[in-house]
Structure formats: C-alpha cells, structure tokens
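Only one structure is covered here, and it is reproduced in the block below.
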Amino acid sequence: MPPILILLTLLLPLRAGAEEIIGGHVVKPHSRPYMAFVMSVDIKGNRIYCGGFLIQDDFVLTAAHCKNSSVQSSMTVTLGAHNITAKEETQQIIPVAKDIPHPDYNATIFYSDIMLLKLESKAKRTKAVRPLKLPRSNARVKPGDVCSVAGWGSRSINDTKASARLREVQLVIQEDEECKKRFRYYTETTEICAGDLKKIKTPFKGDSGGPLVCDNQAYGLFAYAKNGTISSGIFTKVVHFLPWISWNMKLL
C-alpha cells in the first residue's frame, strides 16, 4: 500500500474496538525496532489498524480482532516507523500473504485473541527493523514486575485520533485474583493483567496487538481494556500459545 494511503487513514477517528495508549511518553525514534503498524482494509474501504510486532523476518504477531471480518479484505504491515504520518526512509511496507487467527478465538470475550501474520516478503533487518524475542515455554512474569507496551494510540481518553509518533507506557503486572474481580472473563491460563490501579496508564484504543515487553521479551500482546475502567488492560499470554505459533510458522 502506498504511504499516502496510510497517512489518510490516520486522519480519521479511531475505529471502535481498537485500543490505544493512555499516558506514557514518546520514545526515542526507532528504539523499538520490533514494532509493527498493522492495517486491515475491506472492499468498501473500512479500515482497522492495530499494533503488532515482528518475531521473525517474515512473521508478525498481533491480536485476532485486528482482522477485518469481511472475506474480501487485505492487510499490510509497516515496519521501521516512528512517525506513522510521515514518509520515513526507514519504513518498510509489506503486504500480508496469509493471516492465521487462533482457531479458538472468541470475539465476544477476546479469548485466544492472537493472530499470526505471514508476510509476502522478508523484512530487511536494519537499525529500525528487528524481531522481538519470545520467552521460553517455562518463563513467567509475576505480580509487581514492571513491563512496557508501545503504540501509536491517543494520549488521552477524549482524544479520538491516533498519535503520530510511537509512544510507550510502563505497566505493573497485577494479581490474577484482583483482575478476576474487575474483568468477568479474565482467564489467568491464557491472559496477563497489567496496569496501574493508581494512575491512568494503559493501552485503550488503536493499539491492539502491541507487545507487553518484559526483560526485552514479548510476554503478552494487548487484547482489551474495560470501558470506564482504564487503570489496567488484558494481554494475551504469549507463553501459552508458543506451540501454536511454532507449529504454524513451520507450516508456512
């Protein structure tokens, strides 16, 4: 997709159902080289855009709800971006050859909200484009651990447009039992709860699929936050889906 089309979509309000960063700060340009800007467009021109992250030169992980429900839709991934509204020399725009939502994905409760994207061509590794490591199968995060999530989301609750520049916020891993009280369908087996109960800091609109980074590894990807309660968000637990990710990458 030509860069100008991406610029035009960012002039539009965020689509309901996407998620964005609330709070946080603008990161040093290209200091998060794994970040991907994911766009899904159907035949009528309806767009969904999300975050995602490069895990191999030709594979990106994002949220399953970032896929347009229309059968006739296309997806593109932009890598190496900092200011998504600018035509940066570092950017690599690559069409998606195949999207693979998890077969157990439930759009109502965001269960198994994870999707693997196979790119049409391999990304060229540069200082602005590099994969993010996945954790080992026995790796865990615990309550109190501090992680981060980045994206091009809004800077405030009332802002309906995406941020031009990549922003990041630090989040604290929360107790599972506390999150079960606030999120009816929260499942600790497949999800991680992170945020800050005392501050308004969380992903919320326009940044679904962005990685929860702990110790330079992707432990989660952003799935959803509770309307009216944005002190924390729910992330799909990457460790739980490692066998599924590995299997599909070998098949393609």
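A Cβ is built for glycine as well, from the same backbone N, Cα and C atoms used for every other residue.
Feature list (source: Swiss-Prot):
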ACT_SITE  HIS65  active site, charge relay system
ACT_SITE  ASP113  active site, charge relay system
ACT_SITE  SER208  active site, charge relay system
DISULFID  CYS50-CYS66  disulfide bond
DISULFID  CYS147-CYS214  disulfide bond
DISULFID  CYS179-CYS193  disulfide bond
DOMAIN    21-250  domain 'Peptidase S1'
CARBOHYD  ASN68  N-linked glycosylation site
CARBOHYD  ASN83  N-linked glycosylation site
CARBOHYD  ASN106  N-linked glycosylation site
CARBOHYD  ASN158  N-linked glycosylation site
CARBOHYD  ASN227  N-linked glycosylation site
SIGNAL    1-18  signal peptide
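Mapped onto this structure are the features recorded in Swiss-Prot.
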residue	record	Cβ within 10 Å
CYS50	disulfide bond	30
CYS66	disulfide bond	26
ASN68	N-linked glycosylation site	19
ASN83	N-linked glycosylation site	15
ASN106	N-linked glycosylation site	13
ASP113	active site, charge relay system	28
CYS147	disulfide bond	22
CYS179	disulfide bond	23
CYS193	disulfide bond	24
CYS214	disulfide bond	21
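DSSP assigns ASN68 (N-linked glycosylation site) to coil in the three-state reduction, outside any helix or strand. Reduced to three states, the DSSP call for ASN106 (N-linked glycosylation site) is strand.
Take the active-site residues HIS65, SER208: by the count of other Cβ atoms within 10 Å of each Cβ, the lowest one is HIS65. For ASN68 (N-linked glycosylation site), the nearest of the recorded positions CYS147, CYS193, SER208 in terms of C-alpha separation is SER208.
Here HIS65 (active site, charge relay system) is positioned 9 angstrom away from CYS50 (disulfide bond), judged by their C-alpha atoms. Among the recorded positions ASN83, ASN106, CYS147, CYS179, CYS193, CYS214, not one has its Cα within 10 Å of the Cα of CYS66 (disulfide bond).
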